Amino acid sequence: MADHFYRQTWVDIDLDAIAYNIKQIKSKLPQQSDIIAVVKADSYGHGSVQVAEKALESGAKMLAVALLEEALELREAGINAPILVLGWVSPSFTSVAAEQDITLTFYQKAWLEEVMNYSFKNKLKLHMKWDTGMGRVGIRSESELTDILHVIKENNNMELTGVYTHFATADEEDLTYFYQQKERFTKLLSSFKEQWQEPVAVHIGNSAASIRFPKEMHNYIRFGISMYGLYPSKAVKNENLIHLKQAFSLHSRLIHVKNVPTHESISYGRTYITNDKEWIGTIPIGYGDGWSRKLQGASVLVDGKRMPIVGRVCMDQMMVRLDREYKVGTEVTLIGEQKNNRIDMDEVADYLGTINYEIPCMINNRVPRRFKG
Ligand SMILES: *Cc1c(COP(=O)(O)O)cnc(C)c1O
């Protein structure tokens, strides 16, 4: 989105916080472990290209996205760093990836056999995904591994450059299952090494695993949520292993302020009735921006103080009860810091009964991102 915008609602992205968070994790990693910056879903709603560039500048060596589209967007922006697509790409589109030097994930024999029918100018780079217990995608057994390695050995248009797995519970207090997955991975890895002599990149850890076990992450970590300054869970946050800075903050301005008499209703359905003469402010954000209707009753910051959202959240606007009169144009902070008070991503997530990951993804691109740093 352009630097200039007309509306009174915006997101600030603190790119220095991204750099800071990368520096924090880097200082915990051993020399042989590098960082893959996970910038899928528009960098978790933070802005894909800007975050990717900052991450690379701050020492990340590779980028990961979910879709081929997301990888192409980065290439079109002139980013030449290695990019790994974590999701499934149809064999019929593999030539696009090969042409743009985009690494794909694979885990199906039939997929490989189909791709072998295509010829590429440059070899298609591939990382193999192992399902050690996430139950999502990946090969699950040693026999599957042996089978698939036979197929890839027979071709010369693809190059196996990495193997990886993903943990289901690395962020939980109870790490029993995490250790089971790690054990399965170790077994598969030793079987793999017996059958495959070429060097490949090995990576297993998301933010949670890499914050907790930085010395056990092999060649790369896949650093997502914590690059944005958010903790993967309360359990990880409470362990105090790393200090992070939240990069995303959401702001708006009062566009109308009025004094409303007692027993008057506010917004659709008359779910809020004034108790007294009350100062009511209107803010130009609503569920059309991804600011959920379920946030009725939550707070925003005005003048560093918490003010409740009253009445239904509309598509483009909502109302808050103010403690006094404020001028039209007064800044409102919905997520982030204002005058030494703050509303964390975690607070909004808790209110909605979800995880912090979902909140910045939810604020859609109708809300412009303003980059700093
Ligand atoms: C999204 C994703 C990550 C990043 O996880 P965080 O918890 O955000 O660090 C890592 N690996 C895979 C396979 C993913 O899909």
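Placed from the backbone N, Cα and C atoms, the Cβ positions cover glycine too.
Since this is a predicted model, take the numbers as computed values, not measurements.
Copied over from TrEMBL, here are the features:
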- LYS40: active site, proton acceptor (ACT_SITE)
- LYS40: N6-(pyridoxal phosphate)lysine (MOD_RES)
- ARG136, MET315: substrate binding site (BINDING)
- 247-372: domain 'Alanine racemase C-terminal' (DOMAIN)
- TYR268: active site, proton acceptor (ACT_SITE)
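Cα-Cα distance from LYS40 (active site, proton acceptor) to ARG136 (substrate binding site): 17 Å (rounded to the nearest whole number). A 10 Å cutoff on Cβ-Cβ distances gives LYS40 (active site, proton acceptor) a total of 19 other Cβ atoms nearby, all chains included. For the domain 'Alanine racemase C-terminal' (247-372), the DSSP-based tally of helix, strand and coil residues reads 22 helix, 51 strand, 53 coil. Around TYR268 (active site, proton acceptor), the same-chain residues six or more apart in sequence whose CB sits under 8 Å from its CB are GLY311, ARG312, CYS314, listed in sequence order.
Counting every protein chain shown, the Cβ of MET315 (substrate binding site) has 12 other Cβ atoms within 10 Å. Counting only residues at least six positions away in the same chain, the Cβ atoms of HIS166 sit under 8 Å from the Cβ of ARG136 (substrate binding site). DSSP classifies LYS40 (active site, proton acceptor) as helix under the three-state reduction.
Mean model confidence for the domain 'Alanine racemase C-terminal' (247-372) is a pLDDT of 98.
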